[in-house]
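Residues or ranges marked as compositional bias 'Basic and acidic residues' in Swiss-Prot: 51-65. Here Swiss-Prot flags SER58, SER63, SER289 as phosphoserine. The region 'Disordered' feature in Swiss-Prot is assigned to 1-65. The feature topological domain 'Cytoplasmic' is assigned by Swiss-Prot to 1-366, with sequence analysis given as support. Annotated topological domain 'Lumenal' per Swiss-Prot: 384-394, in sequence order. As annotated by Swiss-Prot, transmembrane segment applies to 367-383, with the evidence given as sequence analysis.
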Amino acid sequence: MSQFGTTDIVSGSETPPYSGASYQDAQDDNTHPHSSDAGAEKFSAGSGSESHTESSRSDDEDSQAKTKMVDNITILKYILDSLSGRDKLAKIIKYALDILKLFIEKSKRNLTVLDPSVLTYYTKILKNLTVKVALRHPITVIKVLLLSLLRNFDKKIDFISQQLSTFRYILRFGGTPFRVCSFLGKFNKTRKCNFQIDQIKKIWFNEASLREFLDLYYGIFDELDLLYKLKIWTNKSFYSFVSRQESLAWQYDILLSLKDHWLNLQSLQKRQLELEVQLKVQNNALLLSPILMHQAHKDDGSQSPIRKQLLNDLNVNNDAEVLIHKQLKAIKDEKTLVYLDIARLSFDCMANTSDILNLKTPKGTYAVLSLGSGLTGLVKLWITTKRSLCSSKD
């Protein structure tokens, strides 16, 4: 079998990861800290600049204190308690062992190529190893023992890797019946609307239905793959078909998820630019406020209502500016998660593409790419878990 059986589905079929705070959350939640540079360049000429800077620094210190309250052991415990966390850790260990196995195989080849006599005396020395033989041929004995150790270690690594792969399949097992029920619900809705074209388009012709179909398609073949590993069925020709369809379904899901994350990134960048422009306008207005206030004292009686309202707005507290900083901080955090998702999906896409197209790649390419995917996924899960724990302590 190729490496089809070692893949894992992303997005829909994974256990949903912790979700990070989006920038919309910052509009309603005043507990999120704003960025560390907030207030550093603000309003040196305004009357509220010093108090705002002190408030910003105080919020940052509180945020750092809350973050330090969550130690790494607690975060690791929460990750291990989640299905997604166990899957990520198992994936990292499996492909790290696969890479280690490649180094062991290379070491064995180098050992036998440099000294072919090692293979000649391999069995003889292991059967008749005595102190006398070890003293007469110390170098050869050391090489034989090293080769024996590497061979045994190689077999153990291969066994552990296979068990971890099966463990990850078991973690994903059992979701197909629920996906089938979801599709039956859609069929019932279609039947109740008397198969009207507009309603059919609304129910079926959308991205959510496409993703549900891909999840169901992948889940069926993924669970059939596990049943084959457990020897529930043993048809090898059908298993080749199952492995192929499993990888194709995963590839479709990867591409769809990449598209969604790319559009999400563009939306976040657009919103970030809008907030930065808005913040710059407010900063410029506050820099002009001392001049306007000075002029207002001179001709207080001749002010128009609009000018009075403008001066009043400039003299109020900096809640709007603080809120913008919170939203910018939330967007920055959200973009970090999106970048990690894009990196993870890119690793998965390259690994799965090399497998589907049977590309001639250097040995270990699939394992290295899959390890990169697992590490980026774990980093994202670590960040979101830490944020979740910090927010729960507020």
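Glycine too: its Cβ is placed from the backbone N, Cα and C atoms.
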Same chain only, please: residues at least 6 beyond the ends of the transmembrane segment (367-383) with a C-beta under 8 Å from a C-beta of the stretch. Say none if there are none.
6-7, 17-18, 20, 75, 79, 82, 84-85, 88-89, 91-92, 95-96, 98-99, 102, 336-337, 340-341, 343-345, 347-348, 350-351, 354
Please list the DSSP helix, strand and coil residue counts for the topological domain 'Lumenal' (384-394).
9 helix, 0 strand, 2 coil
